[in-house]
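Taken verbatim from Swiss-Prot:
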- 1-11: topological domain 'Periplasmic' (TOPO_DOM)
- 12-32: transmembrane segment (TRANSMEM)
- 33-48: topological domain 'Cytoplasmic' (TOPO_DOM)
- 49-69: transmembrane segment (TRANSMEM)
- 70-76: topological domain 'Periplasmic' (TOPO_DOM)
- 77-97: transmembrane segment (TRANSMEM)
- 98-101: topological domain 'Cytoplasmic' (TOPO_DOM)
- 125-137: topological domain 'Periplasmic' (TOPO_DOM)
- 138-158: transmembrane segment (TRANSMEM)
- 159-164: topological domain 'Cytoplasmic' (TOPO_DOM)
- 165-185: transmembrane segment (TRANSMEM)
- 186-196: topological domain 'Periplasmic' (TOPO_DOM)
- 197-217: transmembrane segment (TRANSMEM)
- 218-224: topological domain 'Cytoplasmic' (TOPO_DOM)
- 225-245: transmembrane segment (TRANSMEM)
- 263-283: transmembrane segment (TRANSMEM)
- 286-306: transmembrane segment (TRANSMEM)
- 307-341: topological domain 'Periplasmic' (TOPO_DOM)
- 342-362: transmembrane segment (TRANSMEM)
- 363-395: topological domain 'Cytoplasmic' (TOPO_DOM)
- 396-416: transmembrane segment (TRANSMEM)
- 417-430: topological domain 'Periplasmic' (TOPO_DOM)
- 431-451: transmembrane segment (TRANSMEM)
- 452-471: topological domain 'Cytoplasmic' (TOPO_DOM)
Amino acid sequence: MTDLPDSTRWQLWIVAFGFFMQSLDTTIVNTALPSMAQSLGESPLHMHMVIVSYVLTVAVMLPASGWLADKVGVRNIFFTAIVLFTLGSLFCALSGTLNELLLARALQGVGGAMMVPVGRLTVMKIVPREQYMAAMTFVTLPGQVGPLLGPALGGLLVEYASWHWIFLINIPVGIIGAIATLMLMPNYTMQTRRFDLSGFLLLAVGMAVLTLALDGSKGTGLSPLAIAGLVAVGVVALVLYLLHARNNNRALFSLKLFRTRTFSLGLAGSFAGRIGSGMLPFMTPVFLQIGLGFSPFHAGLMMIPMVLGSMGMKRIVVQVVNRFGYRRVLVATTLGLSLVTLLFMTTALLGWYYVLPFVLFLQGMVNSTRFSSMNTLTLKDLPDNLASSGNSLLSMIMQLSMSIGVTIAGLLLGLFGSQHVSIDSGTTQTVFMYTWLSMALIIALPAFIFARVPNDTHQNVAISRRKRSAQ
């Protein structure tokens, strides 16, 4: 990229800045949840909604982000995304109740949903095709650093300042990013087809109400009748979308995608697989602090080996898949992740704390291999005219399944424990043990889906390109 104009390089830095903000926020909050609960006067069992409100909003808003960027312009939407994300961060820091915090996190999610896909679109507009891969590698690198710094930085801020600072640090960064976007980024637009508003609303309602219904009386305090009503509304909304999308060329996501068997299997496996693995980044720091008595900073440091293991495997996952094939790799990594989850629980409860970093490093390696394999399996055989739509649907499913995973983790904690789980409670470790055993079972279940992948699905010439497109 050395031959790119200075203006283009600055524009790439702005996009990288946005990627860093969004990725940092996905991990920095996890370590602070027990402290937030204490400050807001809430049970730690309710705090999973702080993550769910953000991730679910991202899932709901993702389908609209690309269309808005094409219609209104990439600069205008990227600027709006940064402003909304920054305002959401300010309101999070000012929140005095859990409900206020959840609303502020949802506002953050609207900005986060637009930031990454619009950033990818911006790179496509400003960089020549032959340099697109190098440019995307450059702008996504800060996005890989964010999860590495997030847990430790979150723990450090909570321990030596307060949880409010995990949001306040976004404000100066956001202001600089917004000003730089207005000054340096071109406002590319293009012809767009009519937005499928009906399909968007049906999907949004279906995803949101079913997730709320899943949280149930333990998290939302709803009556059984209200929960049944939410389930009915969600199911009806999704069925109506299927009827709406059938033979509709303007549908948000074409049902033709599911004619490709590897896409159908990959999407189903990604949805089920990320429900299980989505529990881990939430549950691990909560368990370390509430179950084992770690300080926030110590718990944050313990998350770093997991991220390092994940980053290290990305270099060799192509060779692994090409050598053994998708079915073997996905079944093995799914069952392996379940076993590593049990190993983490066992070593932690036995007090072998010096072993935990190695177990978490192994967990990161296995999880990264599975993620990359799921992403590329899902997209690799799609025809070119459906690749963009398939990638958008996969991105939405990734966020939705993560929000469901965190919701189920909170539900399991509420099922096995009281509303007053604390470090001083004698039953706390038992509650976490049952929760961890249930998680290991949920993580293993997608192996049945991956076992249906054709055994000869291993030719993977374009895996590295497709893999990055799905991250």
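Using N, Cα and C of the backbone, Cβ positions are placed for all residues, glycine too.
Worth saying up front: this structure is predicted, and the values here are computed from it rather than measured.
Same-chain neighbours of the topological domain 'Periplasmic' (307-341): 27, 144, 147-148, 151, 269, 273, 276-277, 280, 359-370, 372-374, 376-377, 436, 439-441, 443-444, 446-447, 450-451, 453-460, 463-464, 467, counting only residues six or more beyond its ends whose CB sits under 8 Å from a CB of the stretch. When Cβ-Cβ distances below 8 Å are used as the criterion, the topological domain 'Periplasmic' (186-196) is approached by residues 11, 64, 67, 70-76, 122, 125-126, 248, 250-252 of the same chain, each at least six residues removed from its ends.
Across the topological domain 'Periplasmic' (186-196), the model assigns an average pLDDT of 76. Contact counts against the transmembrane segment (77-97), taken as Cβ pairs under 8 Å, peak for 12-32 among the stretches 12-32, 138-158, 197-217, 225-245, 431-451.
Under 8 Å from some Cβ of the transmembrane segment (12-32) lie the Cβ atoms of residues 1, 4, 50-51, 54-55, 78, 81-82, 85, 89, 108, 112, 115-116, 119, 122-123, 126-127, 135, 138-147, 149-155, 157-158, 163, 166, 170, 173-174, 176-177, 180-181, 184-185, 281-282, 284-286, 289, 296, 299-300, 303, 307, all in the same chain and six or more residues away from its ends. Counted with DSSP, the topological domain 'Cytoplasmic' (159-164) comes out as 2 helix, 0 strand, 4 coil. Highlighted: of the candidate stretches 165-185, 286-306, 342-362, 431-451, 286-306 has the greatest count of Cβ pairs under 8 Å to the transmembrane segment (138-158).
Comparing 49-69, 225-245, 286-306 for CB pairs under 8 angstroms to the transmembrane segment (431-451), the maximum falls on 286-306. Panel annotation: around the topological domain 'Cytoplasmic' (98-101), residues 36, 40, 42, 46-47, 49-50, 91-92 of the same chain, lying at least six beyond its termini, place a Cβ under 8 Å from a Cβ of the stretch.
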